[in-house]
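According to Swiss-Prot, the protein carries these features:
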COMPBIAS  55-72  compositional bias 'Basic and acidic residues'
REGION    55-201  region 'Disordered'
COMPBIAS  98-114  compositional bias 'Low complexity'
COMPBIAS  122-131  compositional bias 'Low complexity'
COMPBIAS  144-177  compositional bias 'Basic and acidic residues'
COMPBIAS  178-201  compositional bias 'Low complexity'
REGION    233-370  region 'Disordered'
COMPBIAS  243-259  compositional bias 'Low complexity'
COMPBIAS  260-274  compositional bias 'Basic and acidic residues'
COMPBIAS  275-311  compositional bias 'Low complexity'
REGION    468-475  region 'G1'
BINDING   468-475, 514-518, 568-571  GTP binding site
REGION    568-571  region 'G4'
Amino acid sequence: MQEMNVKQFAGELKMQPEHLLEQLKSAGVNKTSINDALSHVDKERLLDFLRQGRNEGGRVTLKRKETSEVRANDASGRSRTIQVEVRKKRVLERPAEAARPAAAPAVAQEAPAAEMREPEARPQAPAAEPALKPADRVGAPAVRTERKPEPKPEPAKAEPARAAKPEPKPEPVKAEPAKAVAEPAPAAEATQPAAAPARPVSILSAEEIASREAEERRQAELRARQEALIRERQEREARRMAAKLAAQQKAQEAANPKPAAEKPAESRPARPAEGRSGARPAPAARPAAGGARPAPAAGAPAGAARPAGSGADDRRGAGKKTGGGNTDRDGGKKRGGLKTRGGDASSGWKSGSRKGKRQHQDNQHAFQAPAEPIVHEVMVPETITVADLAHKMAVKAAEVIKALMKMGMMVTINQVLDQETALIVVEELGHIGKAAKTDDPEAYLDVEDGNVVEAKLEHRAPVVTVMGHVDHGKTSLLDRIRKAKVAAGEAGGITQHIGAYHVDTPRGMITFLDTPGHEAFTAMRARGAKATDIVVLVVAADDGVMPQTIEAIHHAKAAGVPIVVAVNKIDKQGANPERIRQELVAQEVVPEDWGGDTQFVEVSAKQGLNIDGLLEAILLQAEVLELTAPVDAPAKGIIVEARLDKGRGSVATLLVQSGTLRKGDVLLAGTAFGRVRAMLDEDGKQIEEAGPSIPVEILGLSDVPGAGEDAMVLADEKKAREIANFRAGKYRDVRLAKQQAAKLENMFAQMAEGEVRSLPLIIKADVQGSYEALAGSLQKLSTDEVRVQILHSGVGGITESDVNLAAASNAVIIGFNTRADATARKVAEANGVDIRYYNVIYDAIDEVKSALSGMLAPEKKEEITGTAEVRQLFVVSKVGTIAGCMVIDGMIKRTSRIRVIRNHVVVHDGELDSLKRFKDDVKEVKQGYDCGIMLKGFNDLLEGDQLEAYEIVEVARSL
């Protein structure tokens with residue numbers, strides 16, 4: 001054996017070298033340094049010294065600590081590494097004082113032997129006879145006590161030291177249950193070592209045995225209490241689930257009555273609960289120490305060898321698992337784990353290693369009962385995300401995404417859906433969807449309306465909208481009434497804005513709204529009809545009923561507004577008022593003298609004929625309507641038109657419909673709000689207040705309001721700001737949701753069609769109605785091949801930011817009655833941005849139309865240039881067939897394509913390979929001359945064939 005020094009020996013013994021030197025000196029081994037060599041004799045002397053010094057009491061205590069690692073999955077499924085430390089302690093004691101000298105070597109030999117057998121005892125499960133031979137159990141009679149019947153230990157109370165002891169395990173209960181269950185008493189085991197008195201045996205002291213028995217009794221009582229608590233909880237859960245199921249069945253039977261034969265048995269749903277609750281009944285009286293365990297009945301089937309109420313000793317260790325056995329029957333070796341989510345301890349993340357054994361979940365909370373799907377009533381707001389919609393329906397978001405994918409929409413979990421799409425998804429998944437009434441600040445407006453004290457209603461002036469086809473004389477008629485000259489100053493002689501005026505007549509005041517007649521201004525006419533009391537329909541006597549005339553009639557009828565027809569231009573030659581009446585009757589506008597309820601007035605705006613008669617008819621109609629409105633109340637009205645003025649900011653034309661608007665009032669109009677800083681009448685004069693039916697221009701709003709928005713005065717500016725911000729956010733969400741839906745709907749179509757050429761535009765106009773009309777008209781020009789893409793449209797002058805946007809996107813800027821400032825012009829020149837100015841909507845539409853026409857791909861046409869007849873064929877080897885032809889019509893060109901026609905049927909269409917006249921190549925051969933023609937890739941020519949020459953030319957297209 002190789003010698004080692006003191007330091008190496010101390011490292012092997014895991015102790016300090018200085019401490020080992022002291023022990024060597026005490027044993028009489030003279031070593032002065034840790035580097036001194038140690039012989040085998042020195043080690044024997046040290047061992048003898050230690051035996052003599054420590055065995056005087058007749059007892060040897062062995063301690064052992066093992067550390068290992070276990071990998072297990074936690075509740076979330078992630079793998080964890082758990083440190084497991086096992087501590088063991090063994091006390092060996094000599095039985096008699098006389099045997100002490102002889103027993104010392106035996107104890108020294110048995111101690112390492114016992115330690116070596118301990119790790120082997122855990123994986124082994126001997127199925128031999130219960131009584132072991134004394135020669136194989138050194139010190140086991142004192143350590144091994146009788147095994148009491150125990151329930152399955154709780155995970156928190158597990159004792160690793162006791163679980164690691166070698167234990168005999170009885171065979172499965174089959175033929176001889178009494179023998180398999182019985183266990184020898186300690187008295188019987190104590191007599192066996194006496195048969196071999198020559199061999200010393202170590203036993204535990206009586207105090208140690210008594211303390212261990214007391215500890216086991218305490219643990220058994222504790223486990224019994226825990227079993228009772230668990231059993232009570234399971235029974236309570238079973239009763240609750242049975243009651244819940246019974247209530248559901250009653251509700252289902254009340255909703256859908258079924259025949260008695262189809263009803264399920266009452267006891268069927270409770271069967272799983274009974275199996276759980278009866279799994280651990282109260283154990284019977286425990287057998288006395290050393291007594292045999294009670295055996296099951298001999299006639300019990302194999303499956304009943306471990307009944308649900310068999311107590312805890314069935315779960316303590318059997319040599320083998322019975323068929324389909326539970327994890328409770330795995331020999332008691334399973335280490336308790338953390339009980340989570342009502343599952344078995346073995347499935348927790350602190351559970352012991354599985355070693356390939358089947359895992360069975362504790363079915364404590366796995367109650368499954370037949371139930372019909374629950375239908376939810378889902379309240380859907382204007383916009384909602386996919387995640388929120390899934391939460392409202394109590395389904396996974398993946399189900400909603402799957403349903404949307406079936407509808408052709410690719411969405412994410414945070415995608416915003418509009419209300420219409422969300423309602424379709426809710427119905428698709430079998431729930432009931434309803435549009436939600438949003439809990440928004442606008443409810444404050446309804447409450448405020450309810451708190452208003454009834455004000456005195458007074459007579460108000462009628463609001464009259466003048467409508468009709470373009471160039472039928474609407475503005476000229478208003479000029480004659482107002483004694484003004486508005487029409488003369490309008491660009492192109494047509495009205496492109498909605499105007500509001502009020503006129504004082506001897507019989508009262510009348511407010512007029514002048515609407516454009518051009519087809520592009522449909523939205524303006526609709527707003528005019530919405531805000532009006534009476535519609536004056538102007539029809540030119542020499543022109544008749546036109547498309548915009550019919551549209552105006554539809555607007556008036558949709559708004560439920562009476563119509564007064566003014567037949568204009570009766571002084572012109574060719575005027576035919578009777579024809580006008582007949583055409584209007586076809587549109588369900590019947591004159592009074594024909595038995596209808598519509599007044600017809602023949603006027604001439606140019607000559608001023610019968611203007612008073614028109615005013616009389618308007619006031620007469622107003623008297624019939626009995627128009628009233630409160631005066632001493634907060635003002636309410638409608639935004640007729642709005643624009644952005646460079647010096648004054650946002651300017652809105654407001655028609656007051658009820659109440660009185662005063663300077664300084666807080667006004668809310670759509671997403672704009674603010675205090676009224678100034679009020680101007682139609683002549684530009686400042687006024688302090690405006691009553692019902694008075695049109696005014698107001699300054700001071702935070703933003704340009706939308707034309708057609710309702711406006712109202714609020715008492716609290718803070719509340720007005722809150723409502724405006726809420727509306728702006730809601731409008732933005734709805735717009736983004738609709739844009740996203742449109743993108744998704746058109747995605748596959750765009751992929752199939754390929755890239756569509758687009759003309760990007762930026763539109764800036766003087767008023768909001770103008771850019772709405774212009775943008776709508778230009779977008780109507782789009783086709784499948786080219787389209788108008790409006791990047792931005794707004795009110796006001798052309799700014800530097802507009803030019804930068806146009807430069808980044810290669811867009812054209814259209815200024816309608818606006819101009820670019822100096823900075824914008826410089827930036828436009830530097831970046832080469834094209835800015836076009838227009839003041840007539842016709843010109844803008846025509847130029848954009850021509851630009852789109854230039855973007856269209858040209859159309860290809862065939863043009864026949866000549867015809868030749870084959871007179872003779874020449875076959876040349878390695879060259880092919882050459883046709884001797886006579887040009888009988890037109891001209892044959894070298895670049896032409898050739899069609900071979902035989903008996904009036906085209907047999908070949910291809911290219912010309914060579915064209916010769918005599919031996920020379922020529923570019924063309926005219927009518928009346930012969931030539932030689934060879935076709936590329938075609939030699940099956942016959943005499944008499946017709947050769948038709950044609951060219952493909954490109955023709956420019958237009959919209």
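Using the three backbone atoms N, Cα and C, a Cβ is placed for every residue, glycine included.
If one looks beyond the region 'G4' (568-571) by at least 6 residues along the same chain, the residues whose Cβ comes under 8 Å of a Cβ in the stretch are 472-473, 476-477, 538-543, 577, 602-607, 609. Within the model, the region 'G1' (468-475) carries an average pLDDT of 78. In this view, Asp471 (GTP binding site) is surrounded by 15 other Cβ atoms within 10 Å of its Cβ, with every protein chain counted. In the three-state DSSP classification, Ile570 (GTP binding site) falls within coil.
For the recorded site, Gly468 (GTP binding site), the DSSP three-state label reads strand. On its own chain, Ile570 (GTP binding site) has Ala541, Pro577, Glu602, Val603, Ser604, Leu609 as residues at least 6 apart in sequence with a Cβ closer than 8 Å to its own Cβ.
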